[in-house]
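Asker: According to TrEMBL, the domain 'SAM-dependent MTase RsmB/NOP-type' annotation covers 37-394. Here TrEMBL flags ASP179, ASP206, ASP266 as S-adenosyl-L-methionine binding site. For 214-236, the entry in TrEMBL reads region 'Disordered'. TrEMBL lists CYS328 with the feature active site, nucleophile.
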Amino acid sequence: MADPTAPSDIPEATPTSDLPASFLAFLRAHDLPTDLYDQCRRQYRPHRYYRTAAHLTAAQSASLSTAVASQLNATVTAVDGVPGFWSVEPLGNDDQDVRLSQTAGYQVGDLYGIDVTSGIAVLALEVQPDDHVLDLCCAPGAKLCMLADLMRPRGIGEDRSSSTGHDARNGGGTVTGVDVSEARLATCRSLVRKYRHDNVRLFAADGTTFDAPAPVPAWRRPGPPKDTGGVDETRRPWRKPFHAPRLLRFENSQSATTLYDKVIVDAECTHDGSIAHIRKYDTWGWDKFETQFLDPERLNCLAVLQRTLLLNGWRQLKPGGILVYSTCSLTRAQNEDVLLWFLARCPGASLEAVPHCATFNPRPLTDLRLQYAVRFNPIETRTSGFFVARLRKPC
Ligand SMILES: C[S@@+](CC[C@H](N)C(=O)[O-])C[C@H]1O[C@@H](n2cnc3c(N)ncnc32)[C@H](O)[C@@H]1O
């Protein structure tokens, strides 16, 4: 990746831009338009999105949307073609923040605040109730919770009685989340607990080398579950998980090579596409953004990290399985270049169309080798800026 602080031949940004010099240099180095950010910061209010929990019936979701609209003084509309997603647009003219966390629906766990582009990345996995899914960069856990929720049966109404132990209505699928940051993983664990996902285990580990096999949950093994106090030859303990419900703490020793049905690599990136996030630095101070994201040494390592995460995700995927690679960066270096590198290295991998994005009409990528990958431009789509690609492993 180019050094964002290096001098560039690209003309200086418009004098009206008051973005900090280091960010402007980053944009120039990656050929990203400055006015996208200037517009977004000055006049543009991105929509907020939320997703309803799987257990809600269609009628309950509709009445929740009415309640959210009134609590937030906003228009709430179902997103066409993206099941379970709703868009929230404030009615007032002021730059009011949409605080989904203040709604009653959020507090009782009936809705999750998550951008629709992240939802599209998760839906691209086409998760089945009995899939074992690996999320290699899972924290703080928006996508992981959606994955776990998608394994629950849909529209069975609100039933808060099954808050402990395995929900027998689940299809036996599991989600394994991995993140290198324990602090962020702690947030993820709080979300998992809040939404009572009992089919999720979390590991504080490096996703570039993580290789724990997919679990065989206790409720799926033949015979009655044994007392874990004694020696049980059919089980061996996991490398210590950061969080795991009792039934996912052990694996069947014969499953040591079990790969995952689906893998998501929502890679660490510069977050430059997330306009909502970028706007916050006006308040937090841009020096924080510079140290967190624009450090030249970090930027140079990022491309290698993204490639290595993708490659390891691919290793953990079953033949015939689907892997989704996504970032909230708009740079070529973190998206197209990573994919082209990967496709050259794994020629059997096929890029497939990303479903559920027709309503946003994203522009197709000009490089025909990547025509199925999708870029969400925040101004054109009124979403967060995002990149998603779906890859299939040959059988
Ligand atoms: C874009 S965020 C993931 C967001 C998350 N998927 C979600 O939906 O909430 C990227 C995450 O990658 C993690 N990360 C960075 N390097 C990693 C590594 N080597 N292995 C695993 N996770 C890593 C970061 O700690 C960060 O939480």
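Using N, Cα and C of the backbone, Cβ positions are placed for all residues, glycine too.
Heads up, TrEMBL stuff is auto-annotated, nobody curated it.
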Asker: Looking at Cβ-Cβ distances, which residues of the chain lie under 8 angstroms from ASP266 (S-adenosyl-L-methionine binding site) while being 6 or more apart from it?
Answerer: SER118, ALA121, ASP135, LEU136, CYS137, CYS138, LYS143, VAL324, SER326, THR327
Asker: Counting all other Cβ atoms within 10 Å across every protein chain shown, which of the binding-site residues ASP179, ASP206 scores highest?
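Answerer: When each Cβ's neighbours within 10 Å are tallied, ASP179 leads.
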Asker: Over the domain 'SAM-dependent MTase RsmB/NOP-type' (37-394), what is the model's mean pLDDT?
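Answerer: Looking only at the domain 'SAM-dependent MTase RsmB/NOP-type' (37-394), pLDDT averages out to 86.
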Asker: How many Å lie between the Cα of ASP179 (S-adenosyl-L-methionine binding site) and the Cα of CYS328 (active site, nucleophile)?
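Answerer: CYS328 (active site, nucleophile) has its Cα 17 Å from the Cα of ASP179 (S-adenosyl-L-methionine binding site).
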Asker: If one measures from the C-alpha of ASP206 (S-adenosyl-L-methionine binding site) to the C-alpha of the residue listed as 'active site, nucleophile', what distance in angstrom results, rounded to a whole number?
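Answerer: Rounded to the nearest whole number, the Cα-Cα distance is 20 Å.
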Asker: So if I measure Cβ to Cβ from CYS328 (active site, nucleophile) and keep only same-chain residues at least 6 apart in sequence, which ones fall under 8 Å?
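Answerer: In sequence order, the residues whose Cβ lies under 8 Å from that of CYS328 (active site, nucleophile) (at least 6 apart) are THR117, CYS269, HIS271, ASP272, GLY273, SER274, HIS277, SER384, GLY385, PHE386, PHE387.
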Asker: Identify all same-chain residues not among ASP179, ASP206, ASP266 whose C-beta atom falls within 8 angstroms of the centroid of the S-adenosyl-L-methionine site's C-beta atoms; report them in sequence order.
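Answerer: Sorted by sequence, the hits are ASP135, LEU136, CYS137, CYS138, ALA139, VAL178, VAL180, SER181, GLY207, GLU268, LEU309.
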